[in-house]
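Positions annotated as substrate binding site by Swiss-Prot: THR61, ASP136, GLU196, LYS226, ASP230. What Swiss-Prot records for 197-199, ASN231, 260-265, GLU283, ASN318, 339-341, ASN384 is NAD(+) binding site, and it gives sequence analysis as the kind of evidence.
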Amino acid sequence: MNAVTDLKHDYLVADIKLADWGRKEIAIAETEMPGLMAIRDEFAASQPLKGARIAGSLHMTIQTAVLIETLKALGADVRWASCNIFSTQDHAAAAIAASGTPVFAFKGESLKEYWDFTHRIFEWADGGTPNMILDDGGDATLLLHLGAKAEQDASVIAKPGSEEETFLFAAIKEKLAKDATFYSRNLDAIKGVTEETTTGVHRLYQMAQRGELRFPAINVNDSVTKSKFDNLYGCRESLVDGIKRATDVMIAGKVAVVAGYGDVGKGSAQALRALSAQVWVTEIDPICALQAAMEGYRVVTMDYAAEHGDIFVTCTGNYHVITHDHMAKMKDQAIVCNIGHFDNEIDIASVEQYQWEEIKPQVDHVIFPDGKKIIILAKGRLVNLGCATGHPSYVMSSSFANQTIAQIELWTEAQKGSSKYPVGVYTLPKHLDEKVARLQLKKLNAQLTVLTDKQAAYIGVSKEGPYKADHYRY
């Protein structure tokens, strides 16, 4: 990729000439994002994000472009990078850059470029800092916290444990050599972070438990209108899109092994079964395993499934779910992919010792010593964004409506000097979840039943909602 940065402008994209194409697709996406556009219309006049300087680290797609322009319409100043080296849609990045928003992203970044670009979202053109983070996977949040630690103790970045850490640690060392207080200065300015995905939320809770988190965080992922829609229905459509575009494989009749049966796994399993695959599920959690079994899926271990499966999909958010030994046992031409966040769900590092043969971008043969080949998609990173274009606009409207509301909530409370959000991890209240659902329903011409006064009194809720207790499981 010969991406070009224009020194007269504050951006780095693959080709700024793609902006017109991107703008046309953004216009179409807006018609499919009713919740997000309704929030833009509702708050545009009051400018609740005025003064917010948002460092955004989230897949730079057409749908994200609509999110960025919503944040700006509500008064925010924004800088953006993608949270994945393969997920950028170059025409989307070009359209946003052409509109005047600093964006640093192109499809097929190196790890060095990735961490350079993540730094760029904290480097405001006026020499100032951001005061909010919008994160997906937690890398932007991690960068500031780890960098601030390294300012005090360089040993924390002395021994990388992975290829990813090698480039991350090198980037931090390079920045500290130029600016010894860069991370702590940025960290002190941040009023809060809103986190998009399961993996990033896990990181936030771990940091909070260790007493390391330095600012309040809203867990957007666990809003019902995010996790039960984006994670399930989004993956149900985008997983197979990625596999099909990458391989043109016939899915009917194949044994498809889905590792993990949370919301992402449920959507993935449904998609594969809808195309008549024989779906097997691996799980550690007996409740999720029982759900899978009751849906008619065969529940097995990966040790057993490895030599039988034709297609493997990891959906766990965990580490080394598919190991070298598993891949060594797989059939010739088995397809291996991931729809969790990071590439370490599959132990990609363990097969880098073998010959790799690129079939096309993000589709590789890994050739084992005995001549067997397996197909790895997107080098173990997100298959739906690496090999396709991610979730459809409609379902991303729910997720990004939650992101926007969460940014407004944290920023406005910080501006008031409120003590509502001390350092910790929070979720949005139920009435806001229901608001997002109401906004989305209009697009589908759905008609909600209205409780009578007697019905509301009988079940002990307000006629206007919320209709469920916080402990209710949808």
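Note: Cβ is positioned from N, Cα and C throughout, glycine not excepted.
A quick note: this is a predicted structure, and the numbers were derived from the prediction, not measured.
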Listed binding-site residues among THR199, GLY262, VAL264, ILE339 whose Cα sits within 10 Å of LYS226 (substrate binding site): none
Binding-site residues listed as ASP136, ASP230, GLU283, least Cβ neighbours within 10 Å: GLU283
Integer Cα-Cα distance in angstrom, THR199 (NAD(+) binding site) to ASP136 (substrate binding site): 8
Annotated substrate contacts THR61, ASP136, GLU196, LYS226, ASP230, maximal Cα-Cα distance (Å, integer): 17
GLY260, GLU283, ILE339 filtered to the binding-site residues whose C-alpha is within 10 Å of ASP230 (substrate binding site): none
Alpha-carbon spacing, GLY260 (NAD(+) binding site) to GLU196 (substrate binding site), which is rounded to whole Å: 19
Listed binding-site residues THR197, GLY262, VAL264, GLU283, ILE339, HIS341, filtered to Cα within 10 Å of ASP136 (substrate binding site): THR197, HIS341
Fewest other Cβ within 10 angstroms of its own Cβ, chosen from the binding-site residues GLY260, GLY262: GLY262
Between HIS341 (NAD(+) binding site) and GLU196 (substrate binding site): CA-CA distance (Å): 11
Those binding-site residues listed as LYS226, HIS341, and which of them has the most Cβ atoms within 10 Å of its own Cβ: LYS226
DSSP state at THR199 (NAD(+) binding site), helix/strand/coil: helix
Inter-residue C-alpha distance, VAL264 (NAD(+) binding site) and THR61 (substrate binding site) (nearest angstrom): 20
Least Cβ-crowded entry, counting other Cβ within 10 Å, from the binding-site residues listed as VAL264, ILE339: VAL264
Cβ neighbour count (within 10 Å, all chains shown) around THR61 (substrate binding site): 25
Sparsest-packed among the binding-site residues, when each Cβ's other Cβ atoms within 10 Å are tallied, from THR197, THR199: THR199
